[in-house]
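**Q** According to TrEMBL, the compositional bias 'Gly residues' annotation covers 1-10. Among the features that TrEMBL reports, compositional bias 'Low complexity' is placed at 20-29. Summarising the annotation, TrEMBL assigns region 'Disordered' to 1-40. The repeat 'ANK' feature in TrEMBL is assigned to 266-298, 299-331, 332-364, 366-398, 399-431, 432-464, 465-497.
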Amino acid sequence: MLTDGGGGGTSFEEDLDSVAPRSAPAGASEPPPPGGVGLGIRTVRLFGEAGPAPGVGGGSSGAGGGDAALDFKLAAAVLRTGGGGGASGSDEDEVSEVESFILDQEDLDNPVLKTTSEIFLSSTAEGADLRTVDPETQARLEALLEAAGIGKLSTADGKAFADPEVLRRLTSSVSCALDEAAAALTRMRAENSHSAGQVDTRSLAEACSDGDVNAVRKLLDEGRSVNEHTEEGESLLCLACSAGYYELAQVLLAMHANVEDRGNKGDITPLMAASSGGYLDIVKLLLLHDADVNSQSATGNTALTYACAGGFVDIVKVLLNEGANIEDHNENGHTPLMEAASAGHVEVARVLLDHGAGINTHSNEFKESALTLACYKGHLDMVRFLLDAGADQEHKTDEMHTALMEACMDGHVEVARLLLDSGAQVNMPADSFESPLTLAACGGHVELAALLIERGANLEEVNDEGYTPLMEAAREGHEEMVALLLAQGANINAQTEETQETALTLACCGGFSEVADFLIKAGADIELGCSTPLMEASQEGHLELVKYLLAAGQAGGHEDYFGGHRSGQASGEGGL
């Protein structure tokens, strides 16, 4: 029977066990494990364990020399693809194909000696003796057995094949295998014919994009320029490097491709492309061809910058050893260390610091540092590493934000905790515009706000607009944050100095009905402010909130709440 190589199922050997005794002649040696027939990535088990196809990859080449087995297999393929037709799907039909090849028709009609047909197919034959087969048929039978990988069972003995059912199963199994092999050969021949008839019409750029080294070689040999550019303006070498095609890069460089070719865009060099993609072998190859390690892209990035941003430690080491400038700034003012910190690549940062990178270097315009960038992105391990390495956590950006403030902007609780444990100032520095708590409240980061309050944050500290944390929370519609701050004792009716805005007026201006409702129920004064909560809601067109405030005013005993001057303002300016 046929099985996938290495798979389960009953082998032909087990079929033999079911119909023939296992006894062997005295003194007979144990035959080695026979093989099978290989079909592509499959192996057909004909007898015993699966093995390589006979005559292929070290298998048997046939009984009495390779020609007999080869002739048999080729003839089987001819039967399959020529006059023999396709697979019939039944044991009897499959056997007939092998039978028609092994025997001459006259032998079938007038057998004198026992033929293969009689030996293999006769259901009435008993005590079949292969020694009675004529020499030519016996040679063919031995070739068939050898081709199937079971030639070690001597046809001269014949005892193993005394049972006709054994012979029938054996013949069917071998025939199926050869039939499938013939089909595979047919498909291969058709594919090869199709490939041979195809004309490769790809351009050099398309061949490079596909990584087809042979096609590229052919086109270059035909005179195409190695320094062509793609339709997008990319150089062929840059295309190969960005895709990680090492062998293609070798071919292009051997044909004298410009190692600094940036293409029509004038953007990145091949070395930058390879560094950005993390292709260490190509980076080394380009450096061997004298690529400029400190070239900058249109945005000011170098190969080292790209490697650091990508976290490619080995490439970073190679570039530094080749003299890469460790303090180059890109258009954002970021050094390689800042890029590594922003992306959270601790090992890259470690290598950079070991090579002398400035830990507190800041960007030119925004005054960002490696630590502030790591805090803003929430990379806890990087923050810990930089703090241990001596980073200044009180350094301020151009917005006067400390590292703690940057962490608070995006609600990174554990980073904030680490900074506070390391001595970060919890309240607003003298020359800053806002406090960590104000930033947390504005972002609605409740857990972080609770941590800051626990560590002593000032609930009434105002920012440069005069807003307290409660006002910021109300202005942004963060009801849960409002609840936390009120529970911690925040002044619900605190007002700004110039405009007398309150948390309630800011909530009404933004149309946050739930927050307004929470504040009113918590005791917010509905009359405070140069522009009352009703005026703010009316001016912004928040109709449902206006209705709510009117009902709240009447319920609170403010009968003139919508009368007089205020009534005119509300109806006139609100457009109601």
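Every residue gets a Cβ built from N, Cα and C, even glycine.
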**Q** Below 8 angstroms Cβ to Cβ, which residues of this chain, lying six or more residues outside the repeat 'ANK' (366-398), approach it?
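**A** Distal contacts: 332-335, 337-338, 340-346, 349-350, 353, 359-360, 404, 406-407, 409-410, 412, 414-415, 418-419, 422-425, 429, 431-432.
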**Q** What mean pLDDT score does the repeat 'ANK' (266-298) have in the model?
**A** 96
**Q** For the repeat 'ANK' (465-497), what are the DSSP-based totals of helix, strand and coil residues?
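**A** Helix (H, G, I), strand (E, B), coil: 16 helix, 0 strand, 17 coil.
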**Q** Please list the DSSP helix, strand and coil residue counts for the repeat 'ANK' (332-364).
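**A** Final tally across the stretch: 17 helix, 1 strand, 15 coil.
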**Q** Using DSSP, how many residues in the repeat 'ANK' (432-464) fall into helix, strand and coil?
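**A** Tallied per class, the repeat 'ANK' (432-464) gives 17 helix, 0 strand, 16 coil.
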**Q** DSSP helix, strand and coil counts for the repeat 'ANK' (399-431)?
**A** 16 helix, 0 strand, 17 coil
**Q** How do the residues of the repeat 'ANK' (299-331) split into helix, strand and coil according to DSSP?
**A** 17 helix, 0 strand, 16 coil
